[in-house]
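Positions annotated as transmembrane segment by TrEMBL: 60-83, 134-153, 165-183, 190-208, 238-260, 272-295, 327-350, 357-377, 389-407, 419-436, 456-475, 482-502.
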Amino acid sequence: MAETGGGGGGGGGDDHDHMEDKQEAADVQNAAMKIERGREAYKGYVGLEEKPSKVDIWGWYLYGLCSYFVLTTLVPAVFPLIISQISSSPQHPVLGWNNTSISLVCTTQQMQLYKSVTQRSISVNHLKFSPLEWTSISWLLALILSSPLIHFISTHLDYNHNQQLIAAASTAVGSLSFLPVGFFHTTRIFPVYITLIVSSYVVASASHTRHLALMVRGFTGPSLHKSQFPVRSTVSGWFSSFSTVFGCFGSAVISAFTYHMLRRDSSYSERFVSLWIVSIFSGLKWVLGMFHVMFVRPGASIPISDPMDYKPHFLTLFKYPHAVGTLFVVFLSSFTTMCIFTGGILYLVGQQCLQSIFILYFWLTYFIFPSFSLPLLQPLQQVIKADSIKMQHVGFFLALLTSSVGYHFRGKIWEKQHILVFAGIQSTSTGLLHAYGRVLLLDCTPHGKEGAFSMWFSWVKALGTCAGFAVASALPGNIYASFRIAFCTAMIGIITLIFGNISDVGGAKAAGVVQEDYSEKGSPVPGLDTSSIIIKQPLHDQTT
């Protein structure tokens, strides 16, 4: 009995020791969790980010490859062609199928295709629209309907941890919207398709841009001295330029595939099916960019101290004048480049009567040339110490050159070699304005507001692209008007950059990205104002 009691006492002691061990392990685990939470809170407080890996960077480039073509090739080119195949047939032109206003002879098939997208063959409530105009109206409707997403998505990108879900859902919805394009042979359904595609692209592009801001911070840190700011500009310019290069190459692929599918078929029904295949292929290509979603950074979310701050978060951009001016320049640049591109294409096909194979060469030159020009400009940028403002100056000046030369020689026959040269010049302008407009806005973005600023950038850029497309589409073949308008908007962009309140360093200072000196009044932590904080001395110091 004694032995049994002693054994029972020993077992109770073992159980007690075991419970103490478990309690100690739990305490250690809780302490580790608290330390980890403290570390994450500190990272969110000061804006620390991990340095991106090679897979992270290449995944970000991949998404540019798989999505840039949506607003540069698919919506402005492929969709009007699809709509033209199901609208009424074009009427016989006054000059005949084979003649143009500058006395050039075209093939009947080529002119029929051109007239099918430019003639107003879509009737809506006693109003008539061409497939180009119907596309621009649908595009504008998509931007109007997607404008509330600026508030909703920017808040969730900055304050929640659903960034991967947002990027994946927007990409999935946009890519799947390409699949049913050929199910219904009616033009009335296309505003629905375009609304889903454009809205999804705006959200996905905002997530992509926000990711760039976090990657740059991972390389350079949350705050820099003014003398270190060129390092940040070099890193962000390199990333943005190469993403543009990959995106242009993706647009070239879609252009070549569209030409391949169109040259095989001659009847309207066969063309419609071929273009539907192009649409499906485009959706699959966009889905391929989902690989990037796995590397989307949630970022260090900042807690909301005041519930009232949650609602106007998307309006915080307007507290930063440099960012507002940058958005205006982004609108002008996207308008200018799309107006020149659309107006030039319509003039080459409808007035210059260039063969379809040369149009393919033009498209390939336009989209592939930045693969050489943008990387070659990187060393030149470092030698002349050009910031994002000066690089946009170069982009606008190249657009001025293209529009002025095209306007001057509008009534003459253009040589093919000259056309390809200016295609390369204008494509460089488009790449520079896109890449460094994004860099300039991110320089003006404070920590914790990357999502809001990126949403505005994506939406405003899509709005400018839509406006440029709409202006050129309303005046098909009238290069006199489209190039003159593009020349004026490019000039306004240059004047705004020179005389407007826009500066990369000034915007970075206002955003807290650049600090003059940590010893000066203020806080080294971006966005934290300590000028009103009174630090009290210990009691024994006060008495002495």
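Every residue number used here counts from 1 along the chain in the order it is shown.
For all residues, glycine too, the Cβ spot is worked out from N, Cα and C.
Counting residues 6+ beyond its ends, the transmembrane segment (272-295) has Cβ neighbours under 8 Å at 55-56, 59-60, 62-63, 65-67, 69-70, 74, 78, 81-82, 85-86, 164, 167-168, 171-172, 174-179, 181-182, 185, 208, 211, 250, 253-254, 257-258, 261-262, 264-265 in the same chain. For the transmembrane segment (190-208), the neighbouring stretch richest in Cβ pairs under 8 Å, chosen from 134-153, 389-407, 482-502, is 134-153. Among the recorded stretches 238-260, 327-350, 357-377, 419-436, 456-475, the one sharing the largest number of Cβ pairs closer than 8 Å with the transmembrane segment (482-502) is 327-350. Beyond the ends of the transmembrane segment (327-350), by six or more residues, the same chain brings 76-77, 100, 110-111, 113-114, 118, 317, 359, 362, 366, 392, 395-396, 399, 402-403, 406, 410, 414, 419, 426, 429-430, 433-434, 437, 440-441, 456-457, 460-465, 467-469, 471-473, 475-479, 482-483, 485-486, 489-490, 492-493, 496-497, 500, 502 to within a C-beta distance below 8 angstroms of the stretch. Sequence-distant neighbours of the transmembrane segment (238-260) (same chain, 6+ residues past either end, Cβ-Cβ under 8 Å): 57, 60-62, 64-69, 72-74, 77-78, 81, 212, 215-216, 275, 278, 281-282, 285, 356, 359-360, 363-364, 367-368, 370-371, 374-375, 377-378, 427, 431, 434-436, 438-439. Using the rule of three or more Cβ pairs under 8 Å, pairs at least 6 apart in sequence, the transmembrane segment (134-153) is in contact with the transmembrane segment (456-475).
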